[in-house]
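**Q** Okay, so TrEMBL annotates it like this:
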DOMAIN    19-283  domain 'Acyltransferase 3'
TRANSMEM  25-41  transmembrane segment
TRANSMEM  62-81  transmembrane segment
TRANSMEM  118-138  transmembrane segment
TRANSMEM  150-168  transmembrane segment
TRANSMEM  175-193  transmembrane segment
TRANSMEM  199-227  transmembrane segment
TRANSMEM  239-260  transmembrane segment
TRANSMEM  266-288  transmembrane segment
Amino acid sequence: MVGHVERGLTGAGLAEGEAFQRFDLALYTFHMPLFFLLAGMNSGRSIDRSWLILLRRKIVTIIYPYILWSLVQGSVVAMMAKSTTGMHNWHDLLLIAWRPMAQFWFLYALFVYAIGAAVLRGNAVLILAIGMIAVVAADHVDPGSPIDLGLHHTIFFGVGMAFSRRIIAWRPPRILWVAGAAAAVWVLGWQIVPHGQRFAYLTVRALPCAFAGSVCVMAAVQSVGVLPQTLLAWLGKRAMAIFVLHILAASGVRIGLVLADVPLSATQHMILGTVCGLALPCAVQTIAERLGIARVLALKA
């Protein structure tokens, strides 16, 4: 969320300087790896089902939202090409079968991973081996391309799937010490990240930061009180709505503020964009549920 808001601001020329570049790199060293790690942890039960049930489930929960919201967001971006920071046009909508746009590459990769894991029948050794080969291969393809993103993150999905039971049951007695140790490892890993390289977070040298950052976040979440955990659980139930709508919401707010000539600093833009990127999709899902169209809009599985 924060990363997409920040990238929207930098693309619009509202946030400039080395500090924002470093923030972007630091966040993305573990941002998507953590998502795929969690996705892998929650995919184990699905591969035990029959092929027909698995495929039907993935079409409903991944393919349908991917197609629907790629078309919706792509159409909005194409219509507002002069106001947005995206590079999409109407032609791009015809290519989503093999060229995912914007954040929807995550759903595309998730579908490929799920089918691949089912083909391998959840064989942890094979999945991890393929993940290690893929992350090395990712350093030799077009940086930042969908293929690069898909190859690089395979290892995290594989680790999540292979060690799902252990991770879910993981309850270390001194959780803050674990979070601190993971943060320290991240700082050490940060020293070997190729900072001058484009898409440096998609390199093998960024792996220590990816795993350490993921462990730090998971440990930190366990250490917070009941109220924050309840809020996170509430947001988790609205994850799909937030995922498919947050860029439209945050970008819409940013564009509206700029057109209205509201004087805000980059930090204020980031805070407001993040809050709206969370709140507006949640509001849309609530309204859709009351109207009985949440599933039609792919906002709820």
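Any Cβ shown, glycine's included, is placed from N, Cα and C.
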**Q** Given pairs 6 or more apart, does the transmembrane segment (62-81) have at least three Cβ pairs under 8 Å with the transmembrane segment (266-288)?
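**A** With fewer than 3 qualifying Cβ pairs, these stretches do not touch.
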**Q** Any chance the transmembrane segment (118-138) and the transmembrane segment (25-41) have 3 or more Cβ pairs under 8 A, given the pairs are 6 or more apart in sequence?
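**A** As far as Cβ distances go (cut-off 8 Å, pairs 6 or more apart), the transmembrane segment (118-138) and the transmembrane segment (25-41) do not touch.
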**Q** For the transmembrane segment (175-193), give me same-chain residues lying six or more residues beyond its boundaries with a C-beta closer than 8 angstroms to one of its C-beta atoms, as numbers and ranges.
**A** 25-26, 29-30, 200-201, 203, 205-209, 212-213, 215-216, 219-220, 222-223
**Q** Are there residues at least 6 beyond the ends of the transmembrane segment (150-168) whose Cβ is under 8 Å from a Cβ of it, and what are they?
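**A** The answer is 32-34, 36-44, 105, 108-110, 112-113, 117, 122, 124, 127-128, 130-132, 134-135, 137-138, 141, 202, 207, 210-211, 214, 218.
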